[in-house]
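Asker: Right, I'll just put the structure down here and ask away after.
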Amino acid sequence: MSRSAHPAGPRHADVLPEGHYTAPPADLNALDPKVWAHTVTRDQNGVVNVGGIEVTRLAEEFGTPAYFLDEADFRSRARAWRTAFGHDADVFYAGKAFLSRAVVRWLHEEGLNLDVCSGGELATALSAGMPADRIAFHGNNKSETEIRTAIEAGVGRIVLDSFQEIVRVAHIAQSLGKRQRVQIRVTVGVEAHTHEFIATAHEDQKFGIPLAGGQAAEAVRRALQLDGLELIGIHSHIGSQIFDMSGFEVAAHRVVGLLKAIRDEHGVELPEIDLGGGLGIAYTSDDDPREPHEIAKALSEIVTRECEAAKLRTPRISVEPGRAIVGPTAFTLYEVGTIKPLDGLRTYVSVDGGMSDNIRTALYDAEYSVALVSRTSDAEPMLVRVVGKHCESGDIVVKDAFLPSDLAAGDLIAVPATGAYCRSMASNYNHALRPPVVAVNDGGARVIVRRETEEDLLRLDVG
Ligand SMILES: Cc1ncc(COP(=O)(O)O)c(C=O)c1O
């Protein structure tokens with residue numbers, strides 16, 4: 001993404017500061033459908049609506065900060081993934097992006113499977129009625145209790161992440177008189193983020209077993225010998241926020257290479273291959289994500305081609321999109337508290353949330369966009385940094401964006417595309433109360449995860 005300083009617009013700067021901003025948008029009141037949930041519109045009074053409800057009403061009823069999730073949008077994205085991959089492939093929604101019982105029910109109804117990576121996510125999935133055989137259990141250091149609970153529940157697969165875990169899962173399965181279906185997660189030496197991928201040296205990470213040096217082949221050898229395990233396939237996840245399919249191409253080539261080596265050594269053709277998640281979404285208008293049907297077609301072509309070349313039967317493919325389903329479906333609504341123009345630099349707009357509800361900007365330097373949503377404005381654009389109320393100067397929600405220069409305390413602003421990895425990574429830093437998630441659909445709004453209260457915080461503090 002090439003973003004650079006632009007000579008036009010900012011009000012409080014004669015010389016523009018370094019930043020990741022493009023030109024101010026031609027119309028600050030416009031809502032780019034790429035970054036907003038499907039039902040988000042601006043009504044004739046200039047107020048933004050979602051699911052047919054004004055954000056001003058939502059703020060009154062549910063308070064701010066709060067995440068508002070467009071249920072119809074979530075369902076239609078989930079369905080689009082399901083339909084795109086058809087009956088010959090499986091879509092596992094990655095629960096780490098955002099999980100709640102309502103979400104589990106929607107996924108179940110839309111025919112998706114679920115990837116969980118902790119006892120807590122598993123408990124949420126089971127308590128909301130996701131059939132255990134549609135659950136994949138992930139994680140690089142699952143506890144014995146988590147493994148036992150997962151096997152007892154009958155999860156469809158456990159993704160093995162280390163040599164120790166191969167033995168641990170086999171023992172626990174055997175002690176329960178079961179044979180657990182497993183995949184082995186390998187690192188293929190590819191790491192992909194946004195528009196780039198790097199095809200060397202990325203075995204240097206905590207996840208998976210490297211293909212390099214024959215380690216993954218050795219893991220397969222051991223797994224095939226253990227009675228408690230039924231090895232069904234190989235798993236690879238190469239990164240996040242990926243737009244370019246070439247990283248998947250290299251990954252599929254290498255995973256199929258392993259399948260071929262397994263066939264040649266053991267006479268076994270593993271029936272499945274999981275290519276993980278990581279497909280990108282639009283956080284700003286500069287991002288151009290691919291549609292699920294394009295991704296499905298590309299992945300299936302890549303795997304089929306590689307298998308034909310290796311003279312292997314094409315395995316059943318699975319994928320694990322998280323962000324690509326839930327990310328665009330929600331926005332965070334904040335109330336503006338203070339506005340601090342710093343001459344020659346930029347204007348700091350402080351909101352009533354921050355890094356406790358969106359850590360991604362501080363953690364990954366993530367980019368977001370922002371809009372004034374409680375009214376329209378014809379004022380000139382002002383370069384802003386949207387910051388939170390926490391005791392960290394890195395408490396930034398939106399690094400560089402434009403808002404109208406008549407912005408005032410009490411205005412509502414919203415940051416779109418916060419459905420993934422925001423509530424699920426939210427914290428109580430500074431004893432912040434984690435915001436609610438409100439599902440909005442067809443003129444109705446209901447809390448699916450309630451706002452934390454001071455009583456919740458104090459209940460844990462038993463000293
Ligand atoms: C193994 C695995 N699968 C799927 C995902 C989901 O990634 P995303 O939400 O970017 O699609 C992740 C994310 O970290 C992951 O580690």
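Backbone N, Cα and C atoms are what each Cβ position is placed from, and that goes for glycine too.
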Asker: Of the candidates GLY267, GLY278, GLY388, GLY463, which one does TrEMBL list alongside GLU320, PRO321, GLY322, ARG323, TYR421 as binding pyridoxal 5'-phosphate?
Answerer: GLY278
Asker: Looking only at the domain 'Orn/DAP/Arg decarboxylase 2 C-terminal' (333-419), how are its residues distributed among DSSP helix, strand and coil?
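Answerer: Secondary-structure breakdown of the domain 'Orn/DAP/Arg decarboxylase 2 C-terminal' (333-419): 5 helix, 37 strand, 45 coil.
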Asker: Among GLY278, GLU320, PRO321, GLY322, ARG323, TYR421, which the record lists as binding pyridoxal 5'-phosphate, how far apart in Å are the two most distant Cα atoms?
Answerer: 15
Asker: Which secondary structure state does DSSP assign to GLU320 (pyridoxal 5'-phosphate binding site), in the simple three-class scheme?
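Answerer: In three-state terms, GLU320 (pyridoxal 5'-phosphate binding site) counts as coil.
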Asker: If I take the Cα of GLU320 (pyridoxal 5'-phosphate binding site) as reference, which of the recorded positions LYS96, ARG360, CYS391 has the closest Cα?
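Answerer: Result for GLU320 (pyridoxal 5'-phosphate binding site): the nearest of the recorded positions is LYS96.
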Asker: Of LYS96, CYS391, GLU392, which recorded positions come within 10 Å of ARG323 (pyridoxal 5'-phosphate binding site), going by C-alpha to C-alpha distance?
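Answerer: Within 10 Å Cα-Cα: LYS96.
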Asker: Counting other Cβ atoms within 10 Å, pick out the least crowded of the recorded positions LYS96, ARG323, ARG360.
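Answerer: Each of the recorded positions LYS96, ARG323, ARG360 was scored by Cβ atoms within 10 Å; lowest is ARG360.
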